[in-house]
Amino acid sequence: MSEQTVQVKTTGKILQSPCGPIIHGLEDVLIKSTSISDIDGEKGILWYRGYRIEELARLSTYEEVSYLILYGRLPTKRELEDYINRMKKYRELHPATVEVIRNLAKAHPMFALEAAVAAEGAYDEDNQKLIEALSVGRYKAEEKELAYRIAEKLVAKMPTIVAYHYRFSRGLEVVRPRDDLGHAANFLYMMFGREPDPLASRGIDLYLILHADHEVPASTFAAHVVASTLSDLYSSVAAAIAALKGPLHGGANEMAVRNYLEIGTPAKAKEIVEAATKPGGPKLMGVGHRVYKAYDPRAKIFKEFSRDYVAKFGDPQNLFAIASAIEQEVLSHPYFQQRKLYPNVDFWSGIAFYYMGIPYEYFTPIFAMSRVVGWVAHVLEYWENNRIFRPRACYIGPHDLQYIPLEQR
């Protein structure tokens, strides 16, 4: 019997098999309870640890938000200072990891990021201690302290890896991190080797806040699967990066900017949006979301930042103007409104990146720089009640075939 696809209202596609229904892509399947982030897709609300994303974006920093996501509460002033000081210490990479990045200078930065994270795990003594403990099933207070320290290291090191790859890929020597700069500003400084513009630094910081966690998309699930075997945090994050590398997960903001450049003028917005409603028409990147059936709250926030950025630095390629014109058409077109398709955060985020001079191929690594704190927080949460993932498959092939010797085939 072959599989058949049927449409259902609440869970997308279910494959009917001889063994029973298969939830295709595990869409809407619950894998755990979490207190890290929550999404109300119908109303367009996102919370981190109970705090609305709008409030955190307006009042906080990525350093504070990453602490909140990791430890479940906002830090005191002293706790935040200590956390930031630890992060400064953890930014440096092992010399062997730097050579891994140098040797992958011509590779896509996501490959280099994945390899560098794995390499850093091989040289981290804390990681080796945790691996030894996990190998005998020991995960108590001492091991948890190690795990949280490793989590902080991963958050701190990701910008260094991405910036170093950018430098090597252009035949430049690396720029070491500075202790007097915050997480976002330091990334821009290491990347471009000059004092970062305050508004650009704020934009990177805002982007990192907005993408720090989003429940359990494919990359976070990949981290869970690897961690459930009691593999280490570095390997879990490397797996998450590998999942994010896929075009169905990462890269939508890059494609959105490419679309705007191809369109070229706001005057074409109506024509493009109308064409997108037809069979075989162009896809509007950054419009629609698997979870949000309302306007993505992160998109509203980054739209306002993008407006401020082009107001200061200009919009020479009309990217913001084109995006605004497309948005206006989408929000008024019955096709998109009936299907609850609204702009998501990727619709806006690439515009400022493009004008900052960040190459397309680094858009997704910057996403990973942000989401790493969500990945590690989810793994640490899952380890509190770990069970290895072991799904099943419904076999639909033949049985008891007779082996035919090679010379008779």
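Glycine residues also receive a Cβ, built from the backbone N, Cα and C atoms like all the rest.
Heads up, TrEMBL stuff is auto-annotated, nobody curated it.
The annotation disulfide bond is assigned in TrEMBL to Cys19-Cys394. Per TrEMBL, the feature active site maps to His289, Asp346. Per TrEMBL, the feature Mg(2+) binding site maps to Glu304, Asp308.
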Residue pair His289 (active site), Asp308 (Mg(2+) binding site) - Cα distance, angstrom, rounded: 25
Tertiary neighbours of Asp346 (active site) (same chain, Cβ under 8 Å, six or more apart): Ala252, Asn253, Ala256, Met285, Gly286
Residues near Asp308 (Mg(2+) binding site) in space but at least six apart in sequence (CB under 8 A): Leu199
Rounded inter-Cα distance in Å - Glu304 (Mg(2+) binding site), Cys19 (disulfide bond): 50
